[in-house]
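J.: Pasting the relevant annotations from Swiss-Prot:
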BINDING   27, 225, 250, 254  Zn(2+) binding site
MOTIF     29-39  motif ''HIGH' region'
REGION    174-194  region 'Disordered'
COMPBIAS  183-194  compositional bias 'Basic and acidic residues'
MOTIF     281-285  motif ''KMSKS' region'
BINDING   284  ATP binding site
């Protein structure tokens, strides 16, 4: 198994620190707005990684943080106390910063759940880990890598020139970097020094401040992740992930402050690529954005998940007007085979279907396994999936039920690894499934009789009635088969 490590800029063999166990941290959301496709693509990429590691037999501990205190959250909350230009005084939403953060956190969780992103082992909030952050800051001060601001602001800064490996993650020299944007330049030794602790400023809510040895204030963004990952995964762990846009300054600063504190920190750094809109960077200002919610208005959750997870995680994923249609067609081909195979192999619509669909058989094809072991090469893995679907359909047509069953087991296992087996699947009622099957089979029996007597009008009428109800009928050499139309 080999993954690309951003820090070494090469694909390396992955060997976990503890045999049989993997520790993974990936950056979650700063909950100051609704999720965008970049957030969701990143979550799906690391969900695929987790599922593959688990399939390979590893016990995976996953930590995904929630940044629930930040400059952007405070700014957004302050704006929410004033009416929008389209709203009247009665429509003003008075919302405290913590309430705003919680509301958007729930929106992220809903999006993750809808698109089949597994819940992490731990999902810590920054505001719940202030003591750990204080301890990390004090340790950096004691080691000579941090200092209280040279004015009365109450800030504490990381001294980038005290750490000779600063810039190594992104292969930059300090003198070529711009000044850190996350704090005012006053009180700094170097404009590139970044804030570990931000002193309380006039006009900020007192509820967004905590007492510290350096004055009342709140943590810096970069410090939050270092403190939380260390608490849950220790000072050395296997994989740190996130979007490519977080590589600098966020991950560069995380690595510097953690290693300067004496922590080995991450063994691998993995970054997923961005999502573009018809070849251009998405931007609200020019109106070329598409949100997960908008995608879900156009396609089912499984189709959206297929689209957002179909590219190799490090590559750019480009959104085109036809992207979801193409993903829907691919999902339809997969589901068509599954429906056909279940009907043939289970002996009825429901009986035996659960064993066929929901049991893990450990039978992914060698080509699929080789692709996933090769830095999560999902495009090649999907090619193996569709090859298996074609082989399964061929086996069904030939009446080779043994080969068809093997193909079905392989397909369901591959879908499970890719997170496509049960994305936002509605609860199934076995009695309802049985009743539906009996009714549809009765209609198909009547249609077969009509066709036998060449009553084509009656045959077409039955087919049209079933189609209107969402039942797709396909005629084959062994008679008619049916499946439910997918969203």
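Backbone N, Cα and C define each Cβ position, glycine as well.
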J.: Compute the mean position of the Cβ atoms of 27, 225, 250, 254, which form the recorded Zn(2+) site, and then list in sequence order the other residues of that chain whose Cβ is within 8 Å of it.
T.: 221, 222, 224, 226, 240, 242, 246, 251, 253
J.: What is the separation, in Å, between the Cα atoms of residue 254 (Zn(2+) binding site) and residue 284 (ATP binding site)?
T.: 29
J.: Fewest neighbouring Cβ atoms within 10 Å: which of the binding-site residues 250, 284?
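T.: Among the binding-site residues 250, 284, the lowest count of other Cβ atoms within 10 Å belongs to 284.
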J.: Using DSSP, would you call residue 27 (Zn(2+) binding site) helix, strand or coil?
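T.: Looking at the DSSP assignment, residue 27 (Zn(2+) binding site) belongs to neither helix nor strand, so coil.
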J.: Near the Cβ of residue 225 (Zn(2+) binding site), how many other Cβ atoms are there if near means within 10 Å?
T.: 26
J.: Relative to the Cβ of residue 27 (Zn(2+) binding site), which residues of the same chain, six or more apart in sequence, are found under 8 Å away?
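T.: Set apart from residue 27 (Zn(2+) binding site) by at least 6 residues yet with Cβ under 8 Å, we have 42, 64, 65, 225, 241, 242, 243, 246, 250.
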J.: Please state whether DSSP places the residue listed as 'ATP binding site' in a helix, a strand or coil.
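T.: Looking at the DSSP assignment, the residue listed as 'ATP binding site' belongs to a helix.
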J.: For residue 254 (Zn(2+) binding site), just count the other CB atoms lying within 10 A of its CB, please.
T.: 26
J.: Tell me, roughly as an integer, the mean pLDDT over the motif ''KMSKS' region' (281-285).
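T.: Across the motif ''KMSKS' region' (281-285), the average pLDDT comes out at 78.
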